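Take a look at the structure set out below.
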Amino acid sequence: MQNKNNRRDRKSLRFKSVRWQIASKLIFLNVLLIGLPTIVCYYSLTLGNLSLKWLHFSLVILYLTSAAMLIAESTAAVWRRFAGQPRLTGQPRLTGQSRLAGQSRLAGQPRFAGQSPFSLSPPDTFKHRLKQGLGIRGADLPIETKPLPRCSFIVAAYLPNEQNIILETIDHLLNRVHQPAAGLEVILAYNTPVALPIEHTLSQLARRYPNFRPYRVKGSHSKAENINAALNIVTGDITCILDADHHPAPDCFERANRWINNGYDVVQGRNMIRNRGENLLTRLVAVEFESIYGVSHSAKSLMVDTALFGGSNGYWRTSVLKQIRFNPTMLTEDIDASIRTLLQGYRIVHDRSITVTELAPNRVGAFWSQRKRWSQGWLEVSLRYQKRFWKSSQLTFGQKLVWTHLLYYREIFPILSVQILPIVLSSWLVMGTINFTDNLFLLSATVITFLSSVYKLLVTAKVGYCHYPGYYFLQYALLTPFYSLFKNMIAVVALYDHLHGKTDWVVTPRDVAPAVANFEKVYALPETARL
């Protein structure tokens, strides 16, 4: 009993220590990023009589650039989209679940020679041609021209952390995903510092399912090392990489194969949150993921024909994946692999109809650890690859602009965007009031940025309304200022830690018994997701 109390006390002390470290960093960074600039602006106005117009102009450019990107992405996502499965001439119009079921039946059927990819009713034909003439129709979903080859799943797991969720994932992959005639294999590439009872269960499962292979990677300390080891034994022509909590749609390989047959080397799908009803945090993450995977990534793929591999639900031409592999020294090995793939001339496409559900962090501590690692990882690849992007002959000018926005802009925005506060505070200290008419252009840029965020949220709601209740989006709209501020705090702390050489990998903890909302029953996970 005494030992338990001692362990509990030590754990409590460690938690308080970590919490104080974070709080002290936030205090220091707020003084550095807001307090110090406020003092500089104040004395510039009172003593030096210096103009701050250069700072105003810089912020205007920053805000308007952000607004322009949001508007462009949102417009592309709502107007331009990859074409869905065709509705044949004379086929009745389907709605609701019957429509989804009809899409599922058609998903695996090849198109015969001479069959039109679009057999539309007259109103739809007019709409189709009008959008085509305006250049907003988007890209046709590639037609299946070859049979589905042998496919492989590689599931990367750290079992002490994920042993309570892995069996559900393996069962889903073996029993729900459509099996190609050429075969489907499931490789669980995992590492564990100690032997676990679940390993015996996995061995029994492998005897029952010959296409399932549990593979303990000795000496591994990362997801990248697990995947690299699994690549030595994988046999499929197309390989999908998954995390331990990810459940893909049954027709995932059928849809990805169409892109690969048409010249793409990697197909990234759309991630959705399975435990979205667990608490407020998971609901916010669910809408955020719709905004990222359902709108932003999809739009970039349509606008400039580029995309990234997001770490999971990515379908690779296996030969390319074996060449690229993953760098275990990088915090975000997926983004690093994406960039190296593009720089070598391979093509990545994002298809938001290829869905996977995952578990979002349901506690603030887990969320903080995950997002801090993501922020540091993006900063790491930004510093390493930005110059190479602009020197590369494999990318178009538009692709280089998009990747510059992805790499550098997302890192500096949390720091520079808050500089409006020193301007406002210093003006108030000098004049005793805030006269926004003196900063009309800055105010206008701020309003435009705000409206662009509202516009993107409306588009996100349009894209994701069939999967999530409407009040999720309203809740997200009301809490976005606080949620964004919290994420900006994480990004700034990540920058601080990175500059101080603190790049420890912190595993996102999983609950022992996750409270998973029944996504499939309440908001049906379709065989072929709505676009």
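Cβ atoms here come from the backbone N, Cα and C positions, even for glycine.
A mean pLDDT of 92 is what the model gives for the domain 'Glycosyltransferase 2-like' (240-429). Marked as domain 'Glycosyltransferase 2-like' by TrEMBL: 240-429.
Here TrEMBL flags 20-45 (among others) as transmembrane segment.
Among the features that TrEMBL reports, transmembrane segment is placed at 57-79 (among others).
Taken from TrEMBL, the feature transmembrane segment covers 412-434 (among others).
Beyond the transmembrane segment (440-459), the same-chain residues lying 6 or more positions past its ends with a Cβ under 8 Å from any Cβ of the stretch are 56, 59-60, 63-64, 66-68, 70-71, 73-75, 77-78, 291, 295, 420, 423, 473, 476-477, 480. The feature transmembrane segment is assigned by TrEMBL to 440-459 (among others).
What TrEMBL records for 471-496 (among others) is transmembrane segment.
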Distant-in-sequence neighbours of the transmembrane segment (57-79), which means Cβ under 8 A and at least six residues beyond its ends: 131, 136, 138, 294-296, 298-300, 302-303, 405, 409, 413, 416-417, 419-420, 423, 441-442, 445-446, 448-449, 451-453, 455-456, 458-459, 462-463
Spatial neighbours of the transmembrane segment (471-496) far in sequence, C-beta under 8 Å, 6+ residues away: 22, 25-26, 28-29, 33, 276, 280, 283-284, 286-288, 368, 371-373, 375-376, 379, 411, 414-415, 417-418, 453-454, 457, 460-461, 464-465
